[in-house]
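*Asks:* Straight out of TrEMBL:
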TRANSMEM  77-99  transmembrane segment
TRANSMEM  111-133  transmembrane segment
TRANSMEM  154-178  transmembrane segment
TRANSMEM  205-224  transmembrane segment
TRANSMEM  231-253  transmembrane segment
TRANSMEM  265-284  transmembrane segment
TRANSMEM  305-326  transmembrane segment
TRANSMEM  352-372  transmembrane segment
TRANSMEM  401-420  transmembrane segment
TRANSMEM  426-449  transmembrane segment
TRANSMEM  461-480  transmembrane segment
TRANSMEM  516-537  transmembrane segment
DOMAIN    516-565  domain 'Cationic amino acid transporter C-terminal'
REGION    581-601  region 'Disordered'
Amino acid sequence: MKSSNEESANDQVGERSYWRWSKQDFFPEESFRNWGTYRSALSQMCFRLKDRIQGRSDDVTELQELRKQSENDMKRCLNWWDLTWVGLGGHIGAGIFVLTGQEAHKHAGPAIVLSYVVAGASAMLAVFCYTEFAVEIPVAGGSFAYLRVELGDFAAFIAAGNILLESVVGAAAVARAWTSYFTNLLNRPSNSLRIHTSLRNGYNLLDPISVAVLVITATIAMISTKQASRINWVASAINTVAILFIIIAGFVHADPSNLTPFMPYGAKGVFQAAAVVYFGYTGFDSISTMAEETKNPSKDIPIGLLGSMSIITVTYCLMALVLSMLQKYTELDENAAFSVAFQSVGMRWAKYLVDLGALKSMTTVLLIGALGKGRYITHIARAHMIPPWFALVHPKTGTPINATLLITISSALIAFFSSLDILASLLSVSTLFVFTMMAVAVLVRRYYVRDKTPQQNLSKLGAFLLIIVASSIGTSAYWGLSPNGWIGYCVTIPLWFLGTLGIYKFLPQQRTPKAWGVPFVPWLPSLSIATNMFLMGSSGSAAFLRFVICTIVMLVYYLLFGLHATYDMAHLPQQPEAKLQQVDNEDDGQSNLEKAHVSVP
């Protein structure tokens, strides 16, 4: 009887949660009650902005309070095995199969393998930072939730905007690459399956196939997390055969003379390519967003994140080396490099296996992207950064259908118009920016606890962080302005070292991770800041211009909407019980994670 009543209640929640479109579902905050309250909110913009810059969330709020905004819980159904395959399935796609040929041809030459080493090392540092947070705060919000706790609401919004940008643009880029490989599989001329128009170059090839692929993978993700995970690891396991074939057959037919000259465009080309191929490493953040659906986060997440990233880095480097030895970098096809390279050594039949493997890889990347990014959007909506309608979790599927639809529709519109090179360059800058903020957040989490850390130590931490960030920006800027110089590095690199040493020597750690933490703090997070900044500086000016324009658009949105919605949410009356929980949490500097770390049968 009880079960029947619960089922009936769930159905009622489901009816309330979906297929409703009232103003209250999208704008429930007091500031948007009517035009009068909105004008009043706008008149307080400066005060509210200061409040949100200074405001901080806490572990308990992210773990418990915000989840109530979804009305239904996500289902804890994943273990370390699932997460490892989520990591593998979420990475090996357009990054390696398309951007490798493109960047080897344009910027790096055979040294593209070094570009993957550099990008992989930077990504691994970011993985360490993500892992600590994902274990300590296992929620769907990923970096958005972590930054809300450590750097505040405003910093989290900047990250959220870039997360949204990364999510939408990343899916669009992979979908466009899917069409390119499908065209090659059918032995048709490049871009023959796209609709040619008279629009501006880079936006003139319309791609309806990419839209269809996005819709199909998103539909699978919305039906069931566990089923999508099973489909992913089966498809990824099959794809492993294709990857092994590429590596083994590639080395068998390799011509070492193709590696000469090894760095035709110099070190600048290597790092410029590294900034673009970094796109191929960005799938790991999807694992952190699955923490809310993980049975035992403290055990499963470190294995899934670090294990999959280690495998992926080695795989990327081997595949890049194989491609460089199969065909001269000047002859590489920019759209389907591996297929054409095998044809060039007489293995015409191999192109079909390669193309099928690439299509399967990119399909799983889109599937995992729909899973992970939908959960990002869910938590962002829980905080009312975007309308809370997107935070709702379906009571039967246990998946965030509304959030997934937002990502899918937006990605489909962009994929329909924009070319892959434009998308990839913008994506890397946005991603590197978020990863830099994550490394800063790790240092803040370790060395600062509210109402516990002395003001003098907080001032020192701020000064040392400023030195680390400023010196990293200086190194990156000097590299961009004078690639062959060295005098500037004699100033910026010692400053970075002294800033990091200052934290290590003069500041005691205020918090110790309960289950898993970044090793060698503050050195690894500080190095992550430096490498991310350096790669950002290696990106082209056009990518930075698009990034700046997108950031300005985000800030306009925040000042007109997000600021007031989150301010209202932050100043809702708290229940005495919730206040007591918050005080307890701030006193010991830790979240109540025992419940989150218990395995769910």
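Quick reminder: no glycine exception, Cβ is built from N, Cα and C everywhere.
What TrEMBL says about a protein is an automatic prediction, not a curated fact.
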*Asks:* Using a Cβ cut-off of under 8 Å, list the residues of the same chain at least 6 residues beyond the transmembrane segment (205-224) that approach it.
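*Replies:* Result: 171-172, 175-176, 178-179, 182, 191, 193-197, 231, 363, 366-367, 369-371, 374, 394, 397-399, 401, 404-405, 407-408, 411-412, 415-417, 419.
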*Asks:* By DSSP, how many residues in the domain 'Cationic amino acid transporter C-terminal' (516-565) are helix, how many strand, and how many coil?
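*Replies:* So the counts come to 40 helix, 0 strand, 10 coil.
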*Asks:* What parts of the chain pack near the transmembrane segment (265-284), using Cβ distances under 8 Å and only residues at least 6 beyond its ends?
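*Replies:* Apart from its flanks, the transmembrane segment (265-284) reaches 87, 89-96, 99-100, 102-104, 106-109, 111-112, 114-116, 118-120, 122-123, 126-127, 130, 166, 170, 173, 305, 308-309, 312-313, 316, 365, 368-369, 372, 424-425, 427-429, 431-432, 479, 483, 534-536, 538-540.
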*Asks:* Kindly say whether the transmembrane segment (401-420) and the transmembrane segment (111-133) touch, using the definition of 3 or more Cβ pairs under 8 Å where each pair is 6 or more positions apart.
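*Replies:* Checked: the transmembrane segment (401-420) vs the transmembrane segment (111-133), no contact.
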*Asks:* Ranking 111-133, 154-178, 305-326 by Cβ pairs under 8 Å to the transmembrane segment (352-372), which is first?
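*Replies:* Against the transmembrane segment (352-372), the leading stretch is 154-178.
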